[in-house]
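Worksheet: one structure, shown below.
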Amino acid sequence: MTESLAIRKFSDLANPTRFLALAERLLPWMAGLCCLLFAAGLYLAFTTEGDYQQGDTVRIMYIHVPAAWLSMMCYSVMALSAIGTLVWRHPLADVSHKAAAPLGAAFTLIALVTGSLWGKPMWGTWWVWDARLTSVFILFLMYLGIIALNRAMDDPSKAARVSSVLILVGFVNIPIIKFSVDWWNTLHQPASVIRMGGPTIDGEFLRPLLVMAMAYTLLFFTLHITAMRNEIWRRRIATQRRLAARTASREV
Amino acid sequence: MTALLLRDLKLSFRAGGGALIGILFFLTVVAVIPFGVGPDLNLLSRIGPAIVWIGALLAALLGLDRLFQADRDDGSLDLLLMQEHPLVLTILVKCLAHWLANVLPLVIASPLLGLFMNMSEVAIGAVMLTLLVGSPALAFIGAVGAAVAVTLPRGGLLVSILVLPLTIPVLIFGVSASYAAVEDPAPFLPPFLILVAITMFFAVIGPLGAALALRNAGD
Amino acid sequence: MRLLAENLSAHRGEDLIFSNISFELKEGQALILTGRNGSGKSTLLRVMAGLLRPASGTISFWYDAARKAHNLGEVAHYLGHRNAMKTELTVRENLAFWKDFLRDAAGGTGYSVVDAARAVELEQVLHLPFGYLSAGQQRRMSFAKLLVGYRPVWIVDEPTAALDVSAEALLARLMREHQVRGGVILAATHQPLELLDVKRLEMKGFEFAAGDED
């Protein structure tokens, strides 16, 4: 039953009109749930005890870490969409990675800014060129590059194909950047939640962090679907306007 | 003339405009430097002002070749040249629009790059101030290069080659004023005032030269 | 109103394009240039607009016996092969810009943007980006540019390129209206535009150049 539903939904998605109808129904629920999760997450974040070493500044973590996760997840979503564009020529995939790029840039920016605010009291400097920070900064530049590429081309389907190539090349490039800068002295702490042998982080911090992570993820998907819907509408308006220009001369 | 300013600004910010690309180039150029010289924060903070200035200089040259070429391609340049109001004024306004859309964002982004370069607050402020005062000169000098290369099919690179040597005085005084603000014995004001003078000088010379070049480039 | 061209000649590179061209136009008259490709029609029009310097000769324009224009370009519209409109901006923004930038020359006022668009029968597309229009619509809209700022002299180079018969008739009518209001037209065209009070000038190209045989 669920499987047949899933297949039907997937083929439904191929059609932008069906997608719009689905988005119409899903969005209010997603937005509502997202608000609830954020309320809960922020409440937890501000009521749990501060770290004995870092004091209240540790609370930045609840904003910073999920944003950093999302910045990478967003790129993965874009890479999947890019494959969809290049392999299946799926029109929604075009819309998907175009809509995701500004979101990814925003999440990366949040991660960079909050990291910088956290770094000042902890490390005594706003910014260091260590492996983690540098690779996130490069990720940010890549997002901006993809946005600029999309803006530079008039024809949306051509722009989608070209930027798909860039996204995939970038996806291959990310691990290379990450490892090639690893020899640099690293101030940033190593991964502490998702690692072999269980999280090293205390449960006290883990609970709000996970709630915030869920809230962020839901926020991403809410915004992503909204942005996709807007993009579809934008393209339809452009088509309508071209049509208007054609019919205008026929009347004369 | 306000209409021309507004039109050029609109064109820069509409889809396909170059305003975003300049700032992205600036970020990228400056971000590449630490890979070359290593992540030593002391070294970076010492060379920071110079790096930010050079990055801004290169990024400011980026969109210059289109300053007149875009208007030439669609025939607007002919009409701009024919009018009664002085061509120098038209060019000055176009330079101003270019500066507002493409160079001012670089000035605004420069403190961010100052942080990346581990520069002190005073140094960041000094670089931003000198860029604010010095960068219009880049647009005015660039206008001459853009006007000279307007009829060339691939003038972009040539514009940079023509313009870069002329911008060296701006770079010298911009960077020396920034350093003077941080390092104690050197006074800040003299190089800064010279920078102001250079900008004002080129605000006159640049549009005049560009007007002369455009008048003679007719085809 | 009097437009006088005396002994004009022009070079392109080393080649002499034309020489010894003289004509005089009075209020309401039109000059139609004909001749084969490369005979120098466009070059002559660009010389008249002040966009190319003539190798010799003078162009002068008098509003009346007492007042003379500084140069012809200031009192003329030039419509070349290119439309001088930005594809990124809407038609309204384009026309509004040119109206504001061109202003009116002495002796008349231009149409409002809407009226100009109505005159070329395209007021429905004012809100669309210029790039969305078809080639013929773009040409008509760039013709509307001649209406928004008043100029006594219109210099038009193949104005009806890319146009169908009805649009051609439309532009011809607008040009005749300009002549009725006392305007002068210089046009390079092969279409029978049926302008009023026409003088014709056939450009013979290289044959004009003395002793230059090819």
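Any Cβ shown, glycine's included, is placed from N, Cα and C.
Taken verbatim from TrEMBL:
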- A:12-188: domain 'Cytochrome c assembly protein' (DOMAIN)
- A:26-46: transmembrane segment (TRANSMEM)
- A:66-88: transmembrane segment (TRANSMEM)
- A:100-119: transmembrane segment (TRANSMEM)
- A:131-150: transmembrane segment (TRANSMEM)
- A:162-181: transmembrane segment (TRANSMEM)
- A:205-227: transmembrane segment (TRANSMEM)
Overall pLDDT for the domain 'Cytochrome c assembly protein' (A:12-188), taken as the rounded mean: 85
Long-range Cβ neighbours of the transmembrane segment (A:66-88) (under 8 Å; 6 or more residues past either end): 94, 96-97, 100-101, 103-104, 107-108, 110-111, 114-115, 136, 139-140, 143, 146, 160-161, 163-165, 167-168, 170-171, 174, 209, 212-213, 215-217, 220, 224
Contacting positions for the transmembrane segment (A:205-227) when only residues 6+ beyond its ends and CB under 8 Å are counted: 23, 26-27, 30-31, 33-34, 37-38, 40-42, 44-45, 48, 51, 58, 61-63, 65-67, 69-70, 73-74, 77, 96, 99-100, 102-103, 107, 193, 199
